[in-house]
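Peer 1: I'd like to ask you about the structure that follows.
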Amino acid sequence: MLAAMWCNGAVFGIQNSCGVLFVSMLRLFGSSDDKQLVFKTAWVGSLSMGMVFFCSPIVSIFTDLFGCRKVAVVGAAVGLVGLLSSSFVSTIEPLYFTYGILFACGCSFAYQPSLVILGHYFKKRLGLVNGIVTAGSSLFTVSLPFLLRVLIDSVDLYNTLRVLCILMFVLFLAGFTYKPLIPNTKDKEGGKKGKFKLPPAKKICNFSVFKVLSYRIWAFGIPAALFGYFVPYVHLMNHVKDRFGDSVPEEVLLLCLGITSGVGRLIFGRVADYIPGAKKIYLQVASFFFIGLMSMMIPLCNVFGALVAVCLFMGLFDGCFICIMAPIAFELVGAQDVSQAIGFLLGLMSVPMTVGPPIAGLLRDKLGTYDVAFYLAGVPPLIGGAILCFIPWVHERQKLKERAKPVDGETTEKMLENESTLVSDTTGKPVKELDSGF
């Protein structure tokens, strides 16, 4: 659990602190002649976060084939190489590959096994455990912005990225502690001889999870809600600089997001354990409603204190949304298919999370302000939340149909048994009468 907690902290602590890196990149690589500077720089952070989720379906396949430990260790090593190579670039374009793709792919391969391995060890209190583990990213989100600000001011951006490589190296070591209790596909196919045969394509890409209607709605409703989700993490600090200048400590906003996100994960992770079945979805519906509302309120905050209050509420419900993803997946598809169910969902999430921040940056370049960008960022969570409201009802109907099938089968079997006994009785009675007559 501690290794999984460190993984969440290292991966999403760095990703969520990209606002600090974003401002530093604007200063380092920017020029007064570049009219699309914010748009181009926003692609670094959004591409990185998007690739973490885009690779998830592939990661789930590798996790099923080779197990959590190998996938997590290799992923951390790739992420370490990507982050280290990012510290040697001289222009913004190479960062699209080194930081946006290579580092992010490594993070993705290290992150998802940390979710899957928890289901091997915890059943009854899985919601609480997920809350504790995902709270690791909140601890890092709270502390990293201040650390990054100090490091950037003292040793510049390049050496700061090299310092962050220490987190990835510890993550590399933590991956060795993942000991799966459920055998992976390689072990099942190999058997005792240790020979590995590639399993059928249906087992490698388990698209059967999409046959579950409630999962389909969930897998498309969540991405629909996330087009504006990552916009505050990337652009909020630059928005504060535009509106308040250097007179306020903008890192405090990320601190507020991180603290209340951690609190939300612990509270709502525990609450989710007491909510039966797919009704846990209603927690995500509420979280999307408040996230959308808070995003729309950001441009209305003309006082820094009001912006702090908005970030406190946004972080609380962000923690709620994050911590119950795995428990909901377990409820909808079962433990056997949960790895690829989470993988497909995270893969679909990659598109809106990649597209949102650059569009917000483009609006900032064109309009000179972030107001319209934050207003629009609040609309998709409201729409996505409305879609998710139907899932508990759909899931309950599916359960009733599944229960009805075996009942019908048993009824027909009993009818056949009754018919056979009646036939045997009618054929047996004349024989007994003849015997008694003699």
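Cβ coordinates come from backbone N, Cα and C, glycine included.
Please treat TrEMBL annotations as automatic predictions, because they have not gone through curation.
Per TrEMBL, transmembrane segment is recorded for 12-30, 42-62, 71-90, 96-119, 126-148, 160-178, 213-232, 252-269, 281-300, 306-330, 342-360, 372-394. Annotation source TrEMBL lists domain 'Major facilitator superfamily (MFS) profile' at 209-438. Annotation comment: TrEMBL describes 404-417 as compositional bias 'Basic and acidic residues'. Taken from TrEMBL, the feature region 'Disordered' applies to 404-438. Look at TrEMBL and you will find 418-427 tagged as compositional bias 'Polar residues'.
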Peer 1: What parts of the chain pack near the transmembrane segment (306-330), using Cβ distances under 8 Å and only residues at least 6 beyond its ends?
Peer 2: 115, 118-119, 126-127, 130-131, 134-135, 137-138, 218, 232, 236, 240, 252-253, 256-269, 272-273, 278, 280-281, 283-284, 286-288, 290-291, 294-295, 297-298, 300, 338, 341-342, 345
Peer 1: Grab the same-chain neighbours of the transmembrane segment (12-30) for me: Cβ-Cβ under 8 Å, and only residues 6 or more beyond its ends, written as numbers and ranges.
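Peer 2: Hits for the transmembrane segment (12-30): 37-38, 41-42, 44-45, 48-49, 52, 91-92, 95, 107, 111, 136-137, 139-141, 143-145, 148-149, 152, 157, 160, 164, 167, 233-238, 241, 250-251, 254, 257-258.
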Peer 1: Quick one: do the transmembrane segment (42-62) and the transmembrane segment (96-119) reach 3+ CB pairs under 8 Å, ignoring pairs fewer than 6 apart in sequence?
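Peer 2: Checked: the transmembrane segment (42-62) vs the transmembrane segment (96-119), in contact.
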Peer 1: Most CB pairs under 8 Å with the transmembrane segment (213-232): which of 71-90, 96-119, 160-178, 372-394?
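Peer 2: By Cβ pairs under 8 Å, 372-394 leads among 71-90, 96-119, 160-178, 372-394.
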Peer 1: Against which stretches of its own chain does the transmembrane segment (96-119) lie, if we need a Cβ under 8 Å and a gap of at least six residues from its ends?
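Peer 2: Distant Cβ neighbours of the transmembrane segment (96-119) are 1, 3-4, 7-8, 11-12, 14-15, 43-44, 47-56, 59-60, 62-63, 68-69, 71-72, 74-83, 85-86, 89, 126, 129-130, 133, 168, 171, 175, 178, 180, 326, 330, 335, 338-339, 342-343, 346.
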Peer 1: Could you tell me the mean pLDDT over the domain 'Major facilitator superfamily (MFS) profile' (209-438), as a whole number?
Peer 2: 79
Peer 1: Which residues of the chain, 6 or more past the ends of the transmembrane segment (160-178), have a CB below 8 A from one of its CBs?
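Peer 2: Sequence-distant neighbours of the transmembrane segment (160-178): 2-3, 6-7, 10-11, 13-14, 24, 67-69, 72-73, 75-77, 79-80, 83-84, 86-87, 106, 110, 113-114, 117, 148, 151-152.
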Peer 1: Using Cβ atoms and a strict cutoff of less than 8 Å, what residues sit near the transmembrane segment (372-394) while being 6 or more residues removed from its termini?
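Peer 2: For the transmembrane segment (372-394), the far contacts come to 213-214, 217-218, 220-229, 231-232, 235, 239, 277-279, 281-282, 284-289, 291-296, 298-299, 332, 352, 356, 359-360, 363-364.
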